[in-house]
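Pulled from Swiss-Prot:
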{"type": "ACT_SITE", "residues": "H97", "note": "active site, proton acceptor"}
{"type": "BINDING", "residues": "H260", "note": "heme b binding site"}
{"type": "SITE", "residues": "R93", "note": "site 'Transition state stabilizer'"}
Amino acid sequence: MSSASKCPFSGGALKFTAGSGTANRDWWPNQLNLQILRQHSPKSNPMDKAFNYAEAFKSLDLADVKQDIFDLMKSSQDWWPADYGHYGPLFIRMAWHSAGTYRIGDGRGGAGTGNQRFAPINSWPDNANLDKARMLLWPIKQKYGAKISWADLMILAGNCALESMGFKTFGFAGGREDIWEPEEDIYWGAETEWLGDQRYTGDRDLEATLGAVQMGLIYVNPEGPNGHPDPVASGRDIRETFGRMAMNDEETVALTAGGHTFGKCHGAGDDAHVGPEPEGARIEDQCLGWKSSFGTGKGVHAITSGIEGAWTTNPTQWDNNYFENLFGYEWELTKSPAGANQWVPQGGAGANTVPDAHDPSRRHAPIMTTADMAMRMDPIYSPISRRFLDNPDQFADAFARAWFKLTHRDMGPRSRYLGPEVPEEELIWQDPVPAVNHELINEQDIATLKSQILATNLTVSQLVSTAWASAVTYRNSDKRGGANGARIRLAPQRDWEVNQPAQLATVLQTLEAVQTTFNHSQIGGKRVSLADLIVLGGCAGVEQAAKNAGWYDVKVPFKPGRTDATQAQTDVTSFAVLEPRADGFRNYLKGHYPVSAEELLVDKAQLLTLTAPEMTVLVGGLRVLNANVGQAQHGVFTHRPESLTNDFFLNLLDMSVTWAATSEAEEVFEGRDRKTGALKWTGTRVDLIFGSNSQLRALAEVYGCEDSQQRFVQDFVAAWDKVMNLDRFDLA
């Protein structure tokens with residue numbers, strides 16, 4: 001062995017580098033994953049701390065960018081020739097697959113972060129050859145730099161593609177800020193092989209939150225369930241997967257038909273010719289995957305899905321030909337050159353009606369996938385499809401609206417939309433709230449209102465738990481929920497078990513009386529919204545709890561400006577998915593789940609953008625404030641509830657207490673005096689994890705020290721303020 005291959009310190013061979021070798025999770029695979037609370041830190045972000053993407057985007061001349069995209073789409077490149085001389089269909093697929101990962105269950109996925117650039121999404125089988133689309137766009141991204149994110153550029157390119165082929169879009173909004181590392185928090189499934197479907201149990205019951213039928217797909221298998229060409233069964237899969245991304249039946253038909261009006265499928269040969277995906281490709285391939293040895297590997301020889309052919313006679317022009325073909329022919333099952341199941345007109349009908357994508361001397365018959373056939377054969381989709389066939393204007397409007405929803409669903413409220421093409425129409429799925437149309441309360445008013453709230457019969461626990469319930473619906477994944485709008489007083493939130501409807505009604509009635517008295521006393525236009533008053537009540541409760549603990553100078557920040565949404569502005573079905581099935585901060589768990597309560601706590605904390613220290617201090621603080629659902633005493637490790645003390649940590653870390661589960665389920669535990677056996681406390685897994693997990697115990701020890709009381713109060717107030725304002729995009 002040469003000296004160059006020897007480690008300079010030990011003389012042994014250098015086999016691994018920093019970060020390599022057996023990891024903790026290899027030894028303890030069930031270890032609580034706190035890494036998802038440390039994602040996207042400034043250490044991974046190359047931009048300056050002062051960089052403001054919204055301001056950078058506003059400096060962009062969007063018309064210039066669009067013109068560059070228009071020009072690019074018709075400039076075919078030899079290294080990846082454009083089908084029909086137009087990259088528009090490829091860009092539509094790229095944008096669709098960027099947005100189409102969104103699912104309503106947890107709001108994760110979607111186009112909002114540009115995550116198609118990273119694993120695993122950049123290497124999913126369903127995203128084959130979309131690496132070429134991004135590489136084609138690189139000169140435009142390079143030209144405009146930080147002024148437009150990849151996330152925005154991919155969606156804008158899809159819109160430009162539609163416009164360049166004769167379609168009038170509903171609009172476009174910028175404001176999607178790029179991430180710089182994969183999103184490790186998103187659960188895409190437990191399968192270990194591409195296209196695995198262990199996510200199904202029983203009679204094809206799809207695992208909760210997942211929005212695709214197989215690992216590595218966006219929605220459904222185009223050949224049918226597990227490749228079986230059954231259009232009716234495919235329709236059931238389509239309805240479930242599209243429904244899980246917030247699309248109804250009409251939107252589903254419009255999106256399917258609208259997207260398949262353009263471009264073609266690629267299956268010129270056996271996929272055995274196709275090389276590894278980008279993440280598995282060679283270093284010299286430079287992030288390009290799926291290199292094919294079939295012929296030239298591109299153009300007429302391209303292999304992507306394995307299905308081969310186009311749906312319409314003019315694949316680069318918006319028209320109604322998709323439906324004309326779907327209902328104009330009778331279809332029969334056949335195989336593509338790659339061996340994939342697809343459908344062609346019976347008896348050779350339609351031959352020579354579709355141009356070849358690259359060879360002007362060749363023509364073809366149209367094709368349909370099994371998923372397309374569901375648009376005709378599914379008993380619900382079929383009448384919608386026939387209506388669109390007979391009413392092209394309805395189809396165009398439905399597709400425009402559904403495409404806008406698809407590509408903007410995870411952006412949150414309209415206040416985050418940027419650019420000159422933001423549509424004026426307010427849409428119910430945007431969770432609208434009224435604009436502020438009154439003078440806001442000032443510091444003197446805030447002090448007066450806090451005194452009036454504390455003078456009522458409401459307890460610290462009631463004030464804190466109501467404010468928390470109002471704010472904690474927020475999820476950063478799709479920017480939905482939060483305290484703005486005061487939707488906790490509306491259906492469905494007012495009836496959620498976790499919100500303690502009876503107590504909630506009492507608190508709201510009391511706060512409404514305070515609101516009415518204050519507003520009626522104003523001579524001018526000054527008003528306080530109930531949304532603001534709910535949060536202010538929580539802040540007043542925290543301040544009172546601090547005083548109860550001997551901290552008289554604590555002031556919880558409060559920023560007015562929330563407004564009250566109406567029931568008409570609130571889609572009950574859409575908001576139902578925000579109902580917390582588990583909220584470890586309130587020691588609440590509805591039902592039983594395959595995952596542990598502590599994992600659900602971390603999941604919730606990640607959606608709230610909390611760090612591990614913030615999660616820790618909030619749990620400890622909310623416990624001593626007696627904010628559990630139903631005022632359950634699990635985890636209330638204090639003899640002075642409603643006082644903002646660090647007692648939770650002091651007593652959890654007390655070695656004179658020994659813990660044991662109360663049942664085989666190991667969900668509730670009793671803490672008994674180690675010597676006498678006397679019962680001292682009860683707690684849940686969410687409580688005990690802060691003493692059991694070594695990382696969380698280290699944080700608990702910080703707050704359990706004798707000199708940490710002031711730090712605890714300060715950190716709790718800061719974390720509380722953060723949660724109360726997560727949906728205040730107007731403050732950014």
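Including glycine, each Cβ sits where the backbone N, Cα and C put it.
Features recorded in Swiss-Prot, as mapped to the structure shown.
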{"residue": "R93", "record": "site 'Transition state stabilizer'", "CB count, 10 Å": "23"}
{"residue": "H97", "record": "active site, proton acceptor", "CB count, 10 Å": "22"}
{"residue": "H260", "record": "heme b binding site", "CB count, 10 Å": "24"}
For H97 (active site, proton acceptor) and H260 (heme b binding site), the CA-to-CA distance in whole Å is 13
Expressed in Å to no decimal places, the gap between the Cα atoms of H260 (heme b binding site) and R93 (site 'Transition state stabilizer') is 10
DSSP output for H97 (active site, proton acceptor) maps to helix
In the three-state DSSP scheme, H260 (heme b binding site) belongs to coil
